[in-house]
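Undergrad: From Swiss-Prot, for reference:
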SITE      Thr54  site 'Part of a proton relay during catalysis'
BINDING   Thr55, Val214  pyruvate binding site
SITE      Tyr117  site 'Part of a proton relay during catalysis'
ACT_SITE  Tyr144  active site, proton donor/acceptor
ACT_SITE  Lys172  active site, schiff-base intermediate with substrate
Amino acid sequence: MSPAAELSPTPFGRLLTAMVTPFDAEGRVDFALAGRLARHLVEEGSEGLVVCGTTGESPTLSWQEQVKMLEVVRQAVGPGVKVLAGTGSNSTGEAVKATREAAASGADGALVVVPYYNKPPQEGLEAHFRAIANAAPELPLMLYNVPGRTGTSLAPATAAQLMNCANVVSFKAASGSIEEVTELRLACGPRLAVYSGDDGLLLPMLSAGAVGVVSVASHVVGRRLRHMIDAYLSGQNAVALGQHEQLTPLFQALFATSNPIPVKAALELSGWPVGAPRLPLLPLNSAMRDSLADLLTALRQT
């Protein structure tokens, strides 16, 4: 009989929300609403919040807006909740500066995306992440692999080379591959906590050794995701599977077009006026919005 696998730690909890950035009618960041939404997400089961990542529209936020968002959310939720700042860039120098600023502004960690557009080789990726890790050694890092957006994938073997950086503690796997979890665990060992970057792959990734999820759907179904995770961890696999199947249509709807367009509409439909995304993203079209409204209504009845 094979020995039992060693489970990974959970440096940021199990359910993290990749938080939207609210805008007012003039397109300005609504920091007051951001604080209220952050507290609501925690009340609904999130143990951590990721501020100014992909869902937070980081490409269209200034660095000043991002720093203030971090400070507002940090103050809103208090010290008992993990707050991660999106500090990635395709410029290593810019990412280093942003990560240092996040550490100084009270972040519990940084989500650092693979550099986009310039398509560095694996050796360049290793050097990039090592420079960031060394620049803020006190700040735990979550490496973020999302090749569908960046055009480059961080190989498990490259991640393994970074395991001698003590603050490289976690990995957001958003390549769409369940096998990536196993490959990361085999290459890096259990010290690297792998988080699913896709709500729809959370349950199968948990079975492969992931510790949790950086979620979009938790904006509107946080308690149900928490219930699914807890059921799986307690051995109630049928209960977890039932939740997964009930939530799958919502997972699909939230990515029927570019994130965060649908989730912002879902929040609006749920009473949170977070505003439209900034250009070049657009509000959800009326047909998709109507379909999403029907899904949310049906879920409230189950």
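Even glycines carry a Cβ here, placed using N, Cα and C.
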Undergrad: For the recorded positions listed here, Thr54, Tyr117, Tyr144, Val214, which shows the highest count of neighbouring CB atoms within 10 A?
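TA: Buried the deepest by this measure is Val214.
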Undergrad: Can you count the other CB atoms that lie within 10 A of the CB of the residue listed as 'active site, schiff-base intermediate with substrate'?
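TA: Looking across every protein chain shown, the total is 27.
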Undergrad: Given the recorded positions Thr54, Thr55, Val214, which lie close to the residue listed as 'active site, schiff-base intermediate with substrate', meaning Cα to Cα within 10 A?
TA: Val214
Undergrad: Can you tell me whether DSSP puts the residue listed as 'active site, schiff-base intermediate with substrate' in helix, strand or coil?
TA: strand
